[in-house]
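A.B. asks: Okay, here's the structure, questions in a sec.
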Amino acid sequence: MEQDEEQDIKFDTTPDSDVEDDELIQDWSQAAQLSIRSSTLPKRGEKDYEPDGTNVQELLLYRARKSMFDTLSNSARGSVVKNLVKAYYDPSEHKALILKPRGNFLHTLGKMDRTGTVWLEFYEFVYLAERGTITPFYKMNDIDWINQELPLTIEDLYMLFKSQEELDKFFVFGHLKRLGFIVLSTENCLDSFFEPRGENSSKRILSNTWNLLPQWRKTLHNAIFYSPWKFWLNKHTSNSQMYQSLNQLIPSYKAPRTQEELRKTRAGIAEKPSNFPISLNVWKPRTDFKKKNPGLPDYQVVIYNKNDPNQHFPTYYELRKIFKHLDYKFEFLSEIDETWDWNDHSYHDGKLRSKTIINSKAKVSGTKTTTDTKKLEKKKPKKKFKPKSPRVQQKIRLKNGFRSFLLAVMDDGMISFVKISETDFGSENVWYVPQSAAKKQNL
Amino acid sequence: MVKRKPNAARYKHPLPIHPIELPPLIPHNPISWIYWTYCYFTGINGLTDKVHVEFFNDKYVHIIVKDESQMIYLWEHGFFGTGQLSRSEPTWKTRTNNRLTADSDTHGKELEKVTQHRRLLRLEFKKQREKLEQELLELRRNGGTIEQEKELIEYQRKSLREYKSQQSSKEIIPQEETIRDIDLPLFTDDGKLRQLESLELLPVEAMFLTFALPVLDISAKELTRRLMGYPESYTDIHDFISQYVVYHHYRSHGWCVRSGVKFGCDYLLYQRGPPLEHAEFCVRILGSNDVKDYNWYSSLARVIAGANKTYVLCYVENLSSPENILRWWHKGNYRAIFSSYKVGEVTYKRWIPGKNRE
C-alpha cells in the first residue's frame with residue numbers, strides 16, 4: 001500500500017527475531033545495505049573489555065559509527081506531499097481526527113465513525129506524529145480549522161498530556177508498538193473470555209455450604225495428628241499417607257486452572273480495580289489482525305511508575321484483584337488441550353466468537369469461506385503436540401503458573417517488564433515414592 | 001568407614017519417620033494375612049530413640065545435634081540441618097580421614113570435593129583462554145588485518161572447545177598428603193580421629209521435627225521457650241510463625257526445603273535433596289500486606305534468574321487476630337496457630353519483549 005510506511009515498519013521487525021541477547025541493539029551494518037553506497041561492513045563481533053594499546057578497537061568503533069551515519073544521511077527522507085496524512089487534535093474530546101484516512105497504520109490503530117472519519121486516541125496520535133506517519137494540527141473551534149491550519153510540534157504534543165498516568169501509558173504503548181507488538185487500550189474492548197452476565201448465579205450459595213464440611217474434617221484430623229499419641233491412633237504405611245497427614249495443616253490459595261474455575265471467579269466481581277487498572281491489551285505481531293474483531297489479547301499490561309510517591313508495588317490483595325480482572329488468552333488452557341480452539345471459548349460483543357465468525361464469513365462470499373477453511377486445515381498440523389510426562393507437566397505448571405499479567409515498571413523513561421503469574425504449590429505433591437514401594441502397590 | 005551406598009538406597013526415606021513396612025498380602029494364603037495383621041499392629045511409626053539436641057548460647061540460640069549417627073540420620077532422611085564444618089552434609093570427619101590416611105580407595109565423591117575439582121578445572125581453562133587472548137593482542141600489535149583476526153578467533157574458539165572436552169574426561173587426581181604436627185591433636189589417645197563437627201538445625205527445622213514429627217527429644221513448647229523466651233507481643237513471634245508456616249507448607253507437599261541464604265532468599269526448594277539435583281525454586285516470604293521498594297523485587301529476581309531458578313513470592317496471610325495467636329502461643333496450641341495462616345504464591349519473572357514475539 002503506502003510505500004514509505006512499509007519501509008518504516010520493516011526497520012523494526014526484521015533484525016532481531018533470533019538474537020539471544022537481552023537487549024536488542026540496532027545493527028546498522030544491515031541497514032546500511034539499504035543506503036545508496038551499499039558496502040559490506042563487519043557485523044557485531046566479540047566484545048572488547050579494556051583498551052589493548054592498539055587502534056583496532058578505535059577502528060571498529062569508527063566503522064560501526066560511520067555505517068550508522070551513512071545510513072541516516074543517505075536514506076530517502078521526508079514524505080511525498082500527496083501522501084501526507086493530516087490529523088487534527090480536538091481539545092474537547094482529547095482525541096485526534098483524520099478526515100482522509102489512509103495508510104497501513106489503520107490496521108491496528110484508530111477507530112472509524114459512521115462518517116468515515118478516523119478518531120485516534122491521544123497516545124496513538126502522539127505516537128504516529130513522532131514516527132512522522134501523520135502531521136499533527138490543532139483543531140480550534142472558532143476558526144475554519146481546515147483551511148487556516150495550526151500545525152503542532154512534538155513539544156506541543158507532550159504539553160497536551162493530562163496526567164503522569166497518561167504519559168506513562170503512552171510510553172509503554174509506544175515502546176511495545178515500536179517492537180512490533182499490536183497494542184490496544186482495554187477500554188471499549190468487546191472481546192471477552194467470560195460469558196456475558198446474567199446466566200448462572202444461583203448455584204453459588206449451595207456450593208458454599210458444601211465447602212464447610214471438609215473444613216470440619218480437617219480440624220478433627222489435625223487434632224489427632226498433632227497430638228502426642230498420633231501414631232497409636234493412626235498407622236502410616238506409606239510416605240504418601242504421612243505427607244497427606246502433614247499437608248492438612250496449612251491452608252493455601254488455589255489458583256483457578258480450568259475453564260469452569262475461571263468462570264466461577266468472575267461471578268462476584270463488579271467494579272474495576274482502582275489502584276492498578278489493566279490498561280493495555282497486547283497481541284503478538286501477526287498479519288491477520290482485525291481491529292474490529294481482534295480476539296483475545298496475548299498479554300495484559302498493568303503500569304506502575306516506581307518514582308511516583310503515590311504508587312507502590314502491588315500487595316498480595318492487589319495482585320489477587322488484578323488476577324481476578326484479567327481477561328486474555330489464558331494460555332495454560334490451550335497448552336494442555338490439543339483440540340482447544342479459542343473461537344469456541346471466547347465471546348465478542350456478548351456472542352460466542354465461533355458463531356459470529358462463521359456468520360460474517362458467510363456474508364462475504366461463498367467461495368471465500370472454502371478457501372478459509374482450507375487454510376485452517378493447513379494450519380492445524382503445524383502445531384505438533386508432544387505428550388509430556390506428568391512430572392514434566394507438573395514442573396511446567398509450577399514454573400509458569402496460571403493467570404498472569406505484565407507489570408510495566410516505569411523509571412523516568414526506562415521501561416522494564418515483569419511477568420507476574422499466579423502459581424499453586426499447595427495443589428501439587430512432589431514427594432518421592434521409593435521404587436520398591438511403587439512395585440508393591442502394583443502387585 | 002561405611003561403604004558408599006548408592007544414592008537411591010541411601011536417601012530412600014524422605015522423612016525421618018518411616019512408614020510401617022508391611023509384608024506382601026497374598027489373598028489365597030491365610031498365614032500371610034495373620035503375619036500382615038501382626039506386622040500392622042506391632043509396627044510403630046515413631047522413633048524408639050529420639051534424636052538428642054543441645055542448645056548453645058542463650059541470646060542467639062544454636063540448635064545442635066552432636067551424636068554422629070544421629071547427625072547422619074537427620075541428613076539422610078530429609079536433609080535436615082547443616083554440618084558446621086562442611087557445606088551442608090556433615091562430612092568433615094570422612095574428609096579429614098581421607099586426607100590423613102591417604103587411602104586413595106576411599107576418596108569418595110563428597111560434594112565439596114567435586115566442587116573443588118570443578119573450580120580447579122575452570123581455573124586452568126581460564127589460564128588457557130588468557131594465553132590465547134594474548135596471541136590475539138600480539139597479532140593486533142603487529143598490525144594484522146581484521147580478516148586475519150577473524151581467522152585467528154575462529155581457530156582459537158575451536159581449540160578452546162577441544163581443550164574443554166579433553167578436560168572433562170580427566171579423572172580426579174587425589175592429592176598426596178601426610179600428617180602434619182598440627183593434625184596430631186585431632187586424634188584420640190587410641191589413634192582414632194575425633195569428631196569435631198556437629199549438625200546445626202534451623203529453628204524452623206527443629207520446630208518441624210518436634211511439632212509435626214516427633215523426632216527430637218524435646219517438646220515443641222520447650223523449644224519455643226529456648227528460642228523466644230516468653231514473648232510479650234505478637235511482633236516478637238510473627239517472623240518465626242510465618243517462616244514456619246511456609247516451611248511446613250512446602251515440606252508437607254514433598255519438597256526438601258533448605259535455607260536460601262546463598263541466593264538472597266528465604267528458602268530453596270529441592271524436589272528430593274541437594275545431592276540429587278539442583279534447587280529449582282527460590283522462595284521469598286512476604287506478608288499479604290507487605291510492600292517493598294521495587295528494587296527489592298528486581299535485584300532478587302536478577303540474582304535468581306542468574307542461577308537459573310524460578311523466583312517465588314510466598315505471601316502469608318493472617319486469618320486470626322494477633323491476640324488470639326499470642327494466647328494460643330502461651331498455651332502451646334501451635335496447631336491452632338499455624339492453621340490460621342493462609343499462603344498464596346506468585347512467580348516473578350523478567351519479561352523481555354524481543355523474546356516473546358512468537
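Keep in mind that glycine also has a Cβ here, set from the backbone N, Cα and C atoms.
Automatic prediction, not curation, is the source of TrEMBL annotations.
So TrEMBL says this about it:
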- B:122-166: coiled coil (COILED)
- B:240-318: domain 'tRNA intron endonuclease catalytic' (DOMAIN)
- B:Tyr270: active site (ACT_SITE)
- B:His278: active site (ACT_SITE)
- B:Lys309: active site (ACT_SITE)
A.B. asks: For B:Tyr270 (active site), which DSSP three-state class applies?
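C.D. replies: For B:Tyr270 (active site) - judged by DSSP and reduced to three states - the answer is strand.
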A.B. asks: Tally of helix, strand and coil residues over the domain 'tRNA intron endonuclease catalytic' (B:240-318) according to DSSP?
C.D. replies: 28 helix, 24 strand, 27 coil
A.B. asks: List the Cα distance (Å, whole number) between B:His278 (active site) and B:Tyr270 (active site).
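C.D. replies: About 7 Å separates the two Cα atoms.
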A.B. asks: Using Cα coordinates, what distance in whole Å links B:Tyr270 (active site) and B:Lys309 (active site)?
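C.D. replies: That separation, Cα to Cα, works out to 11 Å.
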A.B. asks: Indicate the candidate from B:His278, B:Lys309 with the smallest number of other Cβ atoms within 10 Å of its Cβ, considering only these active-site residues.
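C.D. replies: Looking at the active-site residues B:His278, B:Lys309, the Cβ with the fewest others within 10 Å is that of B:His278.
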A.B. asks: Using a 10 Å cut-off, grab the number of neighbouring Cβ atoms around the Cβ of B:Tyr270 (active site), all chains included.
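C.D. replies: By my count, 20.
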